[in-house]
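Copied over from TrEMBL, here are the features:
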DOMAIN    10-135  domain 'Creatinase N-terminal'
DOMAIN    144-345  domain 'Peptidase M24'
Amino acid sequence: MPVERPEPKRLERLRRRLREEGYEALLVTNPYNRRYLTGFTGSFGYVLVTESRQILLSDFRYRTQAGFEAPDVEFVEHAARAEETIGECLRSLGVTRLAIEAESVTVADLRKYEAAWPGVQLEPVEGLVAALRAVKDDVELAVIREAARLADRTFDHLLGWIRPGLTEREVAIEIEMFLRRHGASSSSFDTIVASGERSALPHGVATDRRLGVGEFVKLDFGAYYRGYCSDLTRTIVLGKPTDRQRELYAVVLEAQETCLRGIRPGMTGREADALARDVIRRYGYEELFGHGTGHGIGLEIHEAPRLSPTSESVLAAGMTVTVEPGIYVPGFGGVRIEDDVVLTAGGAETLTAAPKQLISV
């Protein structure tokens with residue numbers, strides 16, 4: 001599947017951040033950050049970024065692949081011990097203060113680096129590239145839009161296919177097969193299909209339980225397309241919904257639509273979360289909504305920013321996030337409704353378009 005070539009502005013923005021923080025260089029070890037900066041999708045490698053150089057280091061297995069995926073990036077094939085080759089690069093570039101990614105460097109890695117590069121001051125940093133990734137460029141948005149369309153098509157297909165008697169696992173397999181047949185390289189996470197009382201499990205992994213008439217079925221899935229993720233949740237009823245099911249669904253839908261109408265750049269993640277949470281609180285279900293209202297999506301299914309009661313992240317135009325409030329009643333069932341949105345100058349544009357009114361099939 002084609003790899004999206006990174007926008008040159010990504011590297012420019014990173015170098016600006018490095019200058020602002022006073023770092024001579026950054027060693028990128030997170031695989032998603034590595035892909036974001038270079039386009040390289042191999043499972044192993046490092047990227048060394050300085051003011052004037054960007055070097056991709058990997059082993060023999062990826063020499064040819066790097067040439068295809070990252071033709072504009074300098075490639076260095078490292079020795080059996082990668083830290084030795086990285087050390088040679090650091091010495092030749094005169095780097096004495098190196099930022100390293102705290103989230104992806106283990107204690108063992110840190111000790112190894114300290115031993116291999118005695119003249120280099122190592123500075124663990126958090127979120128340096130993640131903060132850049134949170135605001136999508138036009139290349140990324142085009143791919144995420146297509147991933148969202150694939151999720152919509154999959155849900156539309158399911159409405160004409162799903163029926164009582166199927167197992168949750170069979171439904172999950174159908175979702176994943178449809179996604180792959182229509183262009184996704186895979187699902188963007190382990191597909192959630194939770195029916196009946198199990199729909200009260202926020203992350204109910206599909207089982208061999210058979211779908212029954214009159215039950216909620218929670219469907220949470222997404223397309224992994226050209227390296228980017230979509231994330232869609234819909235809750236349906238097999239048969240005629242009860243009054244209690246209708247009530248629960250209506251509260252979640254009101255909460256979600258309130259957040260979709262109100263979310264905008266300049267808010268914190270906490271303030272955006274409150275848009276949905278306050279609706280659920282007003283109806284007395286606050287204790288049954290125990291997760292955040294949303295999260296960023298992109299190269300990873302969960303990335304910055306977070307929409308949660310504790311998030312002080314400031315939202316900005318170009319961020320892509322989910323809006324997914326839910327209510328989960330033990331012994332009865334649960335409802336979650338989720339869409340993907342991109343923040344715009346005046347609010348938010350919803351990327352997923354699957355129907356949201358309570359559907360009975």
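Just so you know, glycine gets a Cβ as well, placed from its N, Cα and C.
Curation plays no part in TrEMBL annotations; they are all automatic predictions.
The average per-residue pLDDT of the prediction over the domain 'Peptidase M24' (144-345) is 98, rounded to a whole number. For the domain 'Creatinase N-terminal' (10-135), DSSP puts the residue distribution at 58 helix, 29 strand, 39 coil.
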